[in-house]
Structure formats: C-alpha cells, structure tokens
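Taking it in order: structure first as structure tokens, then the write-up.
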Amino acid sequence: MSSNELTERVLVIASGNAGKIREFRQLLAHLPLSVQAQPKDLAVEETGQTFAENARIKALTVAQATGQWALADDSGLSVEALAGAPGVYSARYAASDALRIERLLQELKGIDDRRAHFSAALCIASETNEVLLEVEGRCEGLITHAARGEKGFGYDPIFEVDATGTTFAEMTIEQKRQWSHRGCAFALLDPALQELLHKQNKP
C-alpha cells in the first residue's frame, strides 16, 4: 500500500507560530495527513525543563483538546558562553524576533566564544493521552555578529551552521530541511511516522 492509498489522518500542529506551521506542512506534504494548526484560543503552558518535556506537554494537551493526533515541536537555541541560554526560554527571550536577536547580540558583545547549537524535540501524541513518537535533533553552529539573510524566522538570521558557513536565513527551504535541527529531528521521525500510519491503516 503506497502512502497515497492510505486513509488521510488529521494531524494538528501544536503551535501558533505561522512560520513553524508552514515548515511542518512542507516537511509532511508527502504523507497522507491533513495538517492543521491548533485552535487559536488554545494556550499551552510550557512548564518543562527540557525541550523534550515541553514537546510532550504540548502534544498531549493539544491532542486531548482537539480529539486528534497532535505534533509538537519544542526547539531553541543554546549558547555556550551564556551557560546554555536562552535554551527552553528561546521563544520568550523578548517580545518579538527582532528584539530577541537584539538582546542576544547585546549579551554576546565583546565575547569571542560564539559557539551555539539549536535543538529540536518532536513529539506526536494521540487523543487517548498516549505518546506515539518522540525524537530529538541538533545542529551545531555559531552566533554571527550581525543578522544575515532574509528567509526563515526566529534566530535564523544570526545562527551560522558549521557545516555550511551560512545562516539559516540565507538557506533555501531545501537546504534548511537538510541541515536544520528540525530537519534532523524530522529525518528520525519520518520513517517511524510512516510505519505508524501503515499500522493504523491495516484492517
């Protein structure tokens, strides 16, 4: 049975971030899934101490609230010279992407060690309060001294990937899919999710 012959299942993305939802729609386009955004009025409190814990909390909460499978991603930037900050607080470091970038560059002013890594934890949960899949990906790089590139979102313009010498914001969608932390995590999730969907469609 090919993926096109499988019954399409609703998968709710546990996020209100339009850029993140758009990225997941592209990553999941080849699977028999109806990808939807979470309800706008649904707020999930991220109380975990790790990316994996937060992804699990979000996936379980959104799956129960919607009665559908939910995919949650908790990702963030950890800077070595800042003892791993902003870490799980990456999205709450300031009020907007521009302000978050400004704050981080200011905190690294005069610091030579600009090593950093992005982490992405993915979790899929069912409406029956079951964690179906969990994976985590990582991308090594450094923080630039100024923003570079017009694509992407979040900290993308100031994170230069070790393997390419370019920032995420300078990459095409295909390049970012190959090198990003979320792309690495999805490469682990994809075969497991395909297998899960096949099992669900067996009579």
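Cβ from N, Cα, C; glycine included.
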Swiss-Prot substrate site partner of Ser15, Gly16, Asn17, Ala18, Gly19, Lys20, Phe153, Gly154, Tyr155, Asp156, Lys176, His181, Arg182, selected from Ser34, Ser75, Ser126:
Ser75
State the Cα to Cα distance, in Å, between His181 (substrate binding site) and Asp74 (active site, proton acceptor), rounded to an integer.
11
Fewest other C-beta atoms within 10 angstroms of its own C-beta: which of the binding-site residues Ser15, Asn17, Ser75 fits that?
Asn17
Rank the recorded positions Glu45, Asp74, Asp156 by the number of other Cβ atoms within 10 Å of each Cβ, and give the residue at the low end.
Glu45
Rank the binding-site residues Gly19, Gly154, His181 by how many other Cβ atoms lie within 10 Å of each Cβ and give me the one with the fewest.
Gly19
